[in-house]
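Feature annotations, reproduced from Swiss-Prot:
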type     : residues : note
ACT_SITE : D7       : active site
BINDING  : D7, D147 : Mg(2+) 1 binding site
ACT_SITE : E74      : active site
BINDING  : E74      : Mg(2+) 2 binding site
ACT_SITE : D147     : active site
Amino acid sequence: MRIFGIDCGSEITGYGIVECPDGTPRSGQPDLRLIAFGGIRPAKKLTLAERLAFVHRELLTQLAAHQPDLVAVEEVFYSVNAKSALKLGHVRGVALLAAATAGLPIAEYAPLTIKSTVTGYGLAQKEQVQFMVARLLHMPEPPEPADAADALAIAICHIHHAQTIQAQQSR
């Protein structure tokens, strides 16, 4: 199973690809393999429409290059700043469109679920998420940018939840 996680952002959209071969080791923890990660940074001088088009093109390029089985994204969350939330919603829409254009299924997870799955604590700070992502993926240092670490966390979250569902269905 190869999962493409996307962390939508108004300035940087992080992506991360994690693979989990079939089967789970005796420890009960999935055997995770890092494939790739990065951040999509459209130029600030571009208009909103141009920035969205840039993110869309880059996501389609990465999806084609890495051939995932599924795209996992963070669910919409509520923000005090309506303008920021609206911009984030635009980017999220572009990410969902890219996944749909590529013909891929989409899974969505709440921020608390992602953090809880990866760190064991739903209110974990960004640094804690980065640390645990690095540890789970056997990386020498936490991934940068932080948006890429969040995207990897989203992918890891899906793998854990998919394996839990498979285990329950096989009972």
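Including glycine, each Cβ sits where the backbone N, Cα and C put it.
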Query raised in the report: Do you know offhand how many angstrom separate E74 (active site) and D147 (Mg(2+) 1 binding site) by C-alpha?
Result: 12
Report summary line: D147 (Mg(2+) 1 binding site) has its Cβ surrounded, within 10 angstroms, by a count of other Cβ atoms equal to 25
Query raised in the report: Considering the active-site residues D7, E74, which residue's Cβ sits among the greatest number of other Cβ atoms within 10 Å?
Result: D7
Query raised in the report: Given D7 (active site) and D147 (Mg(2+) 1 binding site), what distance in Å do their CA atoms have, once rounded to a whole number?
Result: 6
Query raised in the report: Where does D147 (Mg(2+) 1 binding site) sit in DSSP terms: helix, strand, or coil?
Result: helix
